[in-house]
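Working notes for the structure below.
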Amino acid sequence: MILLACTATPTKLPNSPSPISSPNQTRFTFSSYPNSNSNTNQSLSLGHAAKYTDPIVTWTSSIAHHCKSGHLVKAAAEFVRMREADVEPNYITFITLLSACAHYPSRASISFGTTIHAYACKLGFHVNDVMVGTALIDMYAKCARVDSARLVFDHMGARNLVSWNTMVDGYMRNGRIEDALQVFDGLPLKNAISWTALIGGFVKKDYHEEALECFREMQLTGVEPDYVTVITVIAACANLGTLSLGLWVHRFVMTQGFRNNVRVSNSLIDMYSRCGCIELARQVFDGMRHRTLVSWNSIIVGFAVNGLADEALNYFNSMQKEGFEPDGVSYTGALTACSHAGLVDEGLRIFENMKRVSRIALRIEHYGCLVDLYSRAGRLEEALDVLKNMPMKPNQVVMGSLLAACRTQGDIELAENVMIYLIDLATGGDSNYVLLSNIYAAAGKWDGANKVRRRMKERGIQKKPGFSSIEIDSNIHKFVAGDKSHDDNDHIYAALELLSFELQLCGYVPDFYEKESYEDD
């Protein structure tokens, strides 16, 4: 018989000034006492050090789990229980909660975020910990409280480059461009992220020319752009239609380490498609080593908007054969292709397949494609039925498709019905009102055109001046009707007069009804 004696000796924990005894970290020594029936002494020694778990880590891990799942209320409740257990949060706890508030902005999240801010102030984290301070800036900026973000920024005891970049991004995100530039100019050091925050902010606010000018300045300073910068610049080129600069960016991509970056390639496909160079988009797609669903969607939509319906539908089918399940964007591309090609039956089949087989949640763009499909085919009553029965309010694009078809078909009665529907829905914007007024004017019904104009004035809607643009040597030149501010104004108008004279020789008669309709505005 063996009798075991257990003795516990305290061990020193890491970063502890002196040895302490812990129930989770003990060294056990087992010794055997001699048995009268045994001729030998046996000794057993077992060393065991159980892993010590800091309660802060346990609580923070639980909070992080709720935050990643998007359950901010549960994370807040867990934080309350953590405090009730007399466990103080550390900087990771604060960053986790503040990041969740920033990722899911709402009244509840900003309310909880300010509470966390107050507790961080109590413990001094807002001043002494640069990561917590930066998380506070990000949270307030993404919750549209950029002035509060600036207060945090100004009172930080120490700032790093991330803090500065976050403040720049916060201002750009909230449309405070002048303030963003002021902070950007004060940056002690500018890296690729700093420039990308500025460029990306310009692109999101539709200041694409300013974005490209900022990119040129970045190049002059010698800062190498990363793939995020390149994607942002490509988006600006796509929105402006600056093909020459887009080609330069593509050549730049080929010399860099991200030439095989899938996201960059997807952006190039989109840019070339929107610039009308669909064959270049196809070359990029065919040259990709790896493709994602976004890659397929980009090329399908590209073919569709460029009028190549057969190619779009072929790629739509090939995508499924390669194991990619189409999503809402895929179906939008396929429906657009059918609409442009007049393939009504095929479009209806795809729409039904999307609902019944793929069970994809239908969005407004899908109903818009259906309205456009009927409208382009001249089936206006069916288009109006879709518009009336769709589960959400139509937007300007959907209404515009039907009104444009009414103008093409000369269906004033249906256009008047659409106007009543438009007024009831209170759809904002000027384009559909202008289009409706032009329908009346084209038919010589000036009372109807004036009625639309009065309705616009009552609602404070003003007609936005249209403009055309052209790219020359990577520079965008914009022209508004009647504009004489361009440096080459005399040459431009001389060329226009020559073109006008040649058109008249060919029998062209200009249409003046739009000008007459708005001449007094």
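Cβ coordinates are placed from backbone N, Cα and C, and glycine is handled just like the others.
Summarising the annotation, TrEMBL assigns repeat 'PPR' to 55-89 (among others). In the predicted model, the repeat 'PPR' (55-89) has a mean pLDDT of 92.
Feature annotation from TrEMBL assigns repeat 'PPR' to 160-190 (among others).
For 191-225 (among others), the entry in TrEMBL reads repeat 'PPR'. Sequence-distant contacts of the repeat 'PPR' (191-225) (same chain, six or more residues past either end, CB-CB distance under 8 Å): 161, 164-165, 168-169, 171-173, 175, 177, 180-181, 184, 232-233, 235-237, 239-240, 242, 245, 476.
Long-range contacts of the repeat 'PPR' (261-291) within its own chain (CB-CB distance under 8 A, at least 6 residues past either end) are made by residues 227, 230-231, 234-235, 237-239, 241, 243, 246, 250, 253, 298-299, 301-303, 305-306, 308. Positions annotated as repeat 'PPR' by TrEMBL: 261-291 (among others).
What TrEMBL lists as repeat 'PPR' is 292-326 (among others). Residues of the same chain lying 6 or more positions beyond the ends of the repeat 'PPR' (292-326) and with a Cβ under 8 Å from any Cβ of it are 262-263, 265-266, 269-270, 272-274, 276, 278, 281-282, 285, 332-334, 336-338, 340-341, 343, 346, 358.
When Cβ-Cβ distances below 8 Å are used as the criterion, the repeat 'PPR' (327-361) is approached by residues 293, 296-297, 300-301, 303-305, 307-310, 312-313, 316, 319, 369-370, 372-374, 376-377, 379 of the same chain, each at least six residues removed from its ends. Positions annotated as repeat 'PPR' by TrEMBL: 327-361 (among others).
In terms of DSSP helix, strand and coil, the repeat 'PPR' (327-361) has 27 helix, 0 strand, 8 coil. Per-class residue totals from DSSP over the repeat 'PPR' (191-225), listed helix then strand then coil: 27 helix, 0 strand, 8 coil. Here the repeat 'PPR' (261-291) is broken down by DSSP into helix, strand and coil counts: 22 helix, 0 strand, 9 coil.
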